[in-house]
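Remarks on the structure that follows.
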Amino acid sequence: MTGRPMLALVAHDAKKDAMVDFALRNHDKLKPYGLVATGTTGQRISERCPTLDITPLKSGPLGGDQQIGAMIAEGALNGLIFFIDPLSPMPHDVDVKALMRLAVVYDLPMALNLTTAEILLRSARLRGLESTSTIPEISVSKL
Ligand SMILES: O=C(CO)COP(=O)(O)O
């Protein structure tokens, strides 16, 4: 990983065009980030935005959501932008829920739709300029 702020980008199939449009429109704002993305999402963005630094992970249904969840648990991400499709059943729904759950557990800035993503990308907190440690360390003994 880089020393730059890290952002994960994920989009379900029905939202991939919206994610590519978002990346094109916000290219200059995304440029300073180290980006990770689930497989197909990363591929689609890279095709249109080849100068963005995107590390592709596995495709979501094959473990990509879980890889991003692990990065959250390890404190390796500053934010998650996840354009979910709320109208289609997903074979890997448990992985999607697990990813969102970890983002909440670790109080990670997370946008699940376009409007929130636009707001999040303008946030100093996302760029690591403000503290991200607003929650106390979670004690395993309390779980
Ligand atoms: O399914 C996804 C997230 O749950 C996204 O995965 P892909 O980017 O590989 O399509």
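These residue numbers are counts, starting from 1, taken along the chain as shown.
Just so you know, glycine gets a Cβ as well, placed from its N, Cα and C.
Remember, TrEMBL labels are computer predictions, not curated facts.
Per TrEMBL, the feature domain 'MGS-like' maps to 1-143.
For His12, Lys16, Thr38, Gly39, Thr40, Thr41, Ser59, Gly60, His92, the entry in TrEMBL reads substrate binding site. Reduced to three states, the DSSP call for His12 (substrate binding site) is coil.
Per TrEMBL, the feature active site, proton donor/acceptor maps to Asp65. A C-beta separation below 8 Å, combined with a sequence spacing of at least six in one chain, links Asp65 (active site, proton donor/acceptor) to Val10, Thr38, His92, Asp95, Val96, Ala98, Leu99.
Surrounding the centroid of the Cβ atoms of His12, Lys16, Thr38, Gly39, Thr40, Thr41, Ser59, Gly60, His92, where the record places substrate, the chain contributes additional residues within 8 Å, namely Val10, Ala11, Asp13, Pro61, Gly64. Thr40 (substrate binding site) is surrounded by 18 other CB atoms, counting those within 10 A of its CB over all protein chains shown.
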